[in-house]
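**Q** Below, the features straight out of TrEMBL:
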{"type": "ACT_SITE", "residues": "His107", "note": "active site"}
{"type": "BINDING", "residues": "Tyr25, Gly26, Ser27, Gln28, Arg48, Ser52, Gly133", "note": "NADP(+) binding site"}
{"type": "BINDING", "residues": "Asp190, Glu194", "note": "Mg(2+) 1 binding site"}
{"type": "BINDING", "residues": "Asp190, Glu226, Glu230", "note": "Mg(2+) 2 binding site"}
{"type": "BINDING", "residues": "Ser251", "note": "substrate binding site"}
{"type": "DOMAIN", "residues": "2-181", "note": "domain 'KARI N-terminal Rossmann'"}
{"type": "DOMAIN", "residues": "182-327", "note": "domain 'KARI C-terminal knotted'"}
Amino acid sequence: MTKVYYEDAVTTNELEGKTIAILGYGSQGHAHAQNLRDNGNQVIIGVRKGKSADAASKDGFDVYPVFEATKKADIVMVLAPDEVQGKLYQEEIEPNLVDGNALVFAHGFNIHFDVIVPPKNVDVFLVAPKGPGHLVRRTFVEGFAVPALFAVYQDATGKAREVALSYAKGIGATRVGVLETTFKEETETDLFGEQAVLCGGTTHLVQAGFETLVEAGYQPEIAYFEVLHELKLIVDLMYEGGMEKMRYSISNTAEYGDYVSGPRIVTSETKAHMKEVLADIQSGKFAKDFVADNANGFKEFHRMREEQKGHQIEKVGAELRAMMPFVKKDA
Ligand code: NAD
Ligand code: MG
Ligand code: MG
Ligand code: MG
Ligand code: MG
Ligand code: MG
């Protein structure tokens, strides 16, 4: 089994005496900043004026424009949205990096696809929590953490690996386990997972199931419960104990139907399409399209977002969730 790093694998704090600039104070940014600070590290925030800057100030951080935070820092963690990072890097980050700084990411996208080409005299690594930022913070406060991956892309100081592990410990991740990967592996598997299974695969599976029931004349409210609401309960069981625990917990009727009908839905053809999606990620086609659409004002992105927004399952879901205040979580 692959090596997992825990608390005692990281004996020195390579962040000590250094200033860490967290660029962006969104989902990941607020969590990294607060966890690192709670662990005794020196953290400043680099973000443009607005809601995020106000939130960071309110949380007690010194907030600077990105160029100034980068200048003041030894370790620069880039937590602006992926599509913003290229321009931000060129205009405000690169001119303010000096020998021996560390340039850090939570996702390998821009480095792996050469949107950002770092100078040779800085360390470049990633520390990527495997969960949303709000959980990175909440679990830390509760005494746990979200597991994380780390990878070194470039080691200018001879200490990049140690600094990366110290960073992972600083955000709490070594409490539950940190795994080593590469920028290529992290980027390509992350994109594939969210496209084929977690986000793209799941939303379209749920919608197709909903439409099938509604088109057959069943009530949309009933369809919503059967294909969307209950999904959480099933996923929670898989999260706790894999498919076996889930199948143990469901009725024999449901388990028999799982074996008989699952392979009729996700077929060898579906898997062939998954391989095509992976090939587009590996070749850089997906990244190229995403970056080009961003340069075009995200026209295609916004069109698809609008198209999906209007789906009947969203309207029915909003009404049903209003009756179930217990399902409501923080935004
Ligand atoms: P986010 O959208 O939640 O926050 C982005 C922050 O950047 C905000 O504070 C925003 O105000 C700021 N920002 C936007 N444009 C800016 C600009 N031009 N100049 C300065 N600041 C600007 O982003 P996020 O979801 O936290 O993602 C950050 C990084 O973390 C990405 O690389 C992403 O892939 C990675 N990541 C995210 C998650 C997640 O759960 N959200 C998980 C793992 C990795
Ligand atoms: Mg600097
Ligand atoms: Mg991911
Ligand atoms: Mg991702
Ligand atoms: Mg049922
Ligand atoms: Mg059973």
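Heads up, the Cβ atoms here are built off N, Cα and C, so glycines get one too.
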**Q** For a quick check of packing: other C-beta atoms within 10 Å of the C-beta of Gly133 (NADP(+) binding site), how many?
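**A** I count 18 other Cβ atoms within 10 Å of it.
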**Q** Within 10 Å of each Cβ, count the other Cβ atoms and name the one among the binding-site residues Asp190, Glu194, Glu226, Glu230 with the highest count.
**A** Asp190
**Q** Between Ser251 (substrate binding site) and Gly26 (NADP(+) binding site), what C-alpha distance do you get in Å?
**A** 42
**Q** Looking at the binding-site residues Ser27, Gln28, Ser52, Ser251, which one has the fewest other Cβ atoms within 10 Å of its own Cβ?
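**A** It is Ser251 that, of the binding-site residues Ser27, Gln28, Ser52, Ser251, has the fewest other Cβ atoms within 10 Å.
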**Q** Going by DSSP, how much of the domain 'KARI C-terminal knotted' (182-327) is helix, how much is strand and how much is coil, in residues?
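**A** Looking at the domain 'KARI C-terminal knotted' (182-327) with DSSP, the answer is 126 helix, 0 strand, 20 coil.
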**Q** Under DSSP, is His107 (active site) helix, strand or coil?
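**A** Going by the DSSP assignment, His107 (active site) belongs to neither helix nor strand, so it counts as coil.
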**Q** Hey, of Ser27, Gln28, Arg48, Ser52, Asp190, which of those binding-site residues are within 10 Å of the residue listed as 'active site', Cα to Cα?
**A** Asp190
**Q** Could you give the Cα-Cα distance between Gln28 (NADP(+) binding site) and Asp190 (Mg(2+) 1 binding site), in whole Å?
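**A** Just about 16 Å between their Cα atoms.
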**Q** Running a distance check here. Ligand 1 versus the recorded positions Arg48, His107, Gly133, Asp190, Glu194, Ser251: which have CB less than 6 Å from one of its atoms?
**A** Arg48, His107, Gly133
